[in-house]
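Record features, source Swiss-Prot:
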type	residues	note
ACT_SITE	His47	active site
ACT_SITE	Asp89	active site
BINDING	Tyr27, Gly29, Gly31, Asp48	Ca(2+) binding site
DISULFID	Cys26-Cys115	disulfide bond
DISULFID	Cys28-Cys44	disulfide bond
DISULFID	Cys43-Cys95	disulfide bond
DISULFID	Cys49-Cys122	disulfide bond
DISULFID	Cys50-Cys88	disulfide bond
DISULFID	Cys57-Cys81	disulfide bond
DISULFID	Cys75-Cys86	disulfide bond
Amino acid sequence: NLLQFNKMIKIMTKKNAIPSYTSYGCYCGWGGRGRPKDATDRCCFVHDCCYEKLTDCSPKTDIYSYSWKSGVITCGEGTPCEKQICECDRAAAVCFGENLPTYKKRYMFYPDFLCTDPSEKC
């Protein structure tokens, strides 16, 4: 769920998801359109695509199990939905961590109306 995703982000980046990733670029936060602004925004684009594939799941509310040790997040046992949601969230948190060096504060609270490029397909 979103609280677990927030915790994963904190583990991998040392940043709070709110405000650092809730409205970053064109894809971090609710919805998304246009072309991702940078590598961090692309992490959100890929995460959105991952959630889109989970048609019979509730990724924002379903609770899953995971563990963290020495900077490695591992998804635990659960239903197929729980495992898939966890993997989507884990991959995004890892992606955020890998792209911290290029994180740009100017893309925080980026206005949607500036996301005018044609959208990419998942």
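Here, residue 1 is simply the first one shown, and the rest follow in order.
Glycine residues also receive a Cβ, built from the backbone N, Cα and C atoms like all the rest.
Features as recorded by Swiss-Prot, highlighted on the structure.
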residue : record              : DSSP (3 states)
Cys26   : disulfide bond      : coil
Cys43   : disulfide bond      : helix
Asp48   : Ca(2+) binding site : helix
Cys81   : disulfide bond      : helix
Cys86   : disulfide bond      : helix
For Cys95 (disulfide bond), which residues of its chain lie six or more apart in sequence with Cβ-Cβ distance below 8 Å? Ala39, Thr40, Arg42, Cys43, Val46, His47
What other residues of this chain sit with their CB within 8 A of the center of the CB atoms of Tyr27, Gly29, Gly31, Asp48, the recorded Ca(2+) site? Cys26, Cys28, Trp30, Gly32, Cys44, Phe45
Secondary-structure category, per DSSP, in which Gly31 (Ca(2+) binding site) falls: coil
How many Å separate the Cα atoms of Cys49 (disulfide bond) and Cys88 (disulfide bond)? 9
In whole Å, note down how far the CA of Tyr27 (Ca(2+) binding site) lies from the CA of Cys115 (disulfide bond). 9
Out of Cys43, Cys44, Cys122, the listed disulfide-bonded residues, fewest other Cβ atoms within 10 Å surround the Cβ of Cys122
Gly29 (Ca(2+) binding site): which of the recorded positions Cys44, Cys50, Asp89, Cys122 have a C-alpha within 10 angstroms of it? Cys44
Across all protein chains shown, the recorded positions Asp48, Asp89 give the max Cβ-within-10 Å count at Asp89
If I take the Cα of Cys50 (disulfide bond) as reference, which of the recorded positions Tyr27, Gly31, Asp89 has the closest Cα? Asp89
